[in-house]
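Copied over from TrEMBL, here are the features:
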- Gln20, His121, Asn165, Tyr300, Trp402, Glu409, Trp410: substrate binding site (BINDING)
- Glu166: active site, proton donor (ACT_SITE)
- Glu355: active site, nucleophile (ACT_SITE)
Amino acid sequence: MTNLLFPDGFIWGAATSAYQIEGAVHADGRGASIWDRFSHTPGKTRDGHTGDVACDHYYRYLEDVALMAKLGLKAYRFSVAWPRILPHGRGAVNQPGLDFYKRLVEALLAHDITPYATLYHWDLPVALQDAGGWPQRDTAAAFAEYAGVVAEALGDRVRHWITINEPWCISFLSHQLGEHAPGMQDWPAALAASHHALLAHGMGMQAIRAAAPGAEVGIALNFTAAVPASNTPADREAARHFDGHYNRWFLDAVAGHGYPADIVADYSAAGYLPDNMAFVQPGDLALIAAPNDFFAFNYYTREVVAAGSQPWNYQVVRPTTPRTEMGWEIYPEGLYKILLRLHSHYAMPRIIISENGASYLDPLSADGHVHDHGRIAYMRQHLVACHRAISAGVPLTGFFYWSLLDNFEWAFGYHQRFGLIHVDYATQQRYPKDSFLWYRELIAGNGLAGG
Ligand code: FCB
């Protein structure tokens, strides 16, 4: 086995998001978000867990940054909570909210950790939800206003921005499947939301570039590899639709190809587009397709899909291959293939993986360690896939592990643990896991020993 060295300057990072770690939901003038409301609605999260306290990071950020420094991180991806900055979604700016992120960024820079700030990781202010939320076009304009405020305040120190995290989750998971806030089950609303989330990205990019000239901006899309259950035309049709629904819908629009015609046709045939894409207004697609400075994406798993009565009624078939605690199949080949596709089909000039990681529930052992061999194996396999892609010419320049620390995993509450750092929620004690030590070695050596 040879060593797998990464290119010089490769960005080794870790990621989190505001609602999943900060807690302090009433502190310093923060407004409420749709996740406060959703998590406090009975039955929406496992055991009624909420992000009220989470990892208490709002008060412990210095300790957390010190752990990042210990890990040797080159970059840290966090998200800014919109309701801390604009408690009512638009209008009055809450200075103490901005000050928190200023302090966080100062602490990162003091340790030579490059901040990557995500502006929207799902915590829409409730005032905007009450005005219609993402199915309303105005929400995109509100996002641009908010993006400009944050970029103005932090843009001299934060030079890397991600506008929107995972528009598929914002639209379909939240407005059609109803598993995330605001918990709607409405296809036309979800499709309008998908367009407005992308529009928010386009408008937000303009606002950031105006407020922070020279800053680098991108969007973070999520990808799920789609594999047909068999080679029959019907299963391949189902996989085509699945890939279009999850991946191409967003990717094609961002890459300047517009919404994929086959998926528009599928949605129309299914009756999901009663207004025939009327939400797309002149100029929108050009805004959405404005070049990103880097292209970011999140990857966890694949789905194996089989035919339903129509392509959009596909069924997900669960193979018996190894899975993480989330029930997600471990499929590093999908990461490799997506990287190649982004390069060869979409010609993305610079790519970063903004999330990749695994949930395992290894307990804290008596010696104060967490022996999370499953996570290390998952990371190793996915980094080997990254290295293969780089060797094949893919311009992959960074990797952010999800997540720095165990945190509030949305509808799963605290029952899933993705962290490199174990959090004891009763005491808020942090314990670096074995994967933390492994990743630290890897970062220090800029690659994998014994590949
Ligand atoms: C992604 C989210 C992130 C986390 C991981 C497990 O979809 O962006 O917040 O929940 O999944």
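Placement of Cβ uses the backbone N, Cα and C atoms for every residue, glycine included.
With Glu166 (active site, proton donor) as the anchor, the candidate recorded positions are Gln20, Glu355, Trp402, Glu409, Trp410, and the one with the nearest CA is Glu355. Only Tyr300, Trp402, from the binding-site residues Tyr300, Trp402, Glu409, place their Cα within 10 Å of the Cα belonging to Glu355 (active site, nucleophile). Taking the centroid of the Cβ atoms of Gln20, His121, Asn165, Tyr300, Trp402, Glu409, Trp410 as the substrate site, the other same-chain residues with Cβ within 8 Å of it are Ser17, Glu355, Ser403, Phe418. Across the residues the record lists as binding substrate (Gln20, His121, Asn165, Tyr300, Trp402, Glu409, Trp410), the two Cα atoms farthest apart are 18 Å from each other.
Cβ contacts within 10 Å of Trp402 (substrate binding site), excluding its own Cβ and spanning all protein chains shown: 24. Counting other Cβ atoms within 10 Å of each Cβ, the recorded positions Glu166, Glu409 show the lowest value at Glu409.
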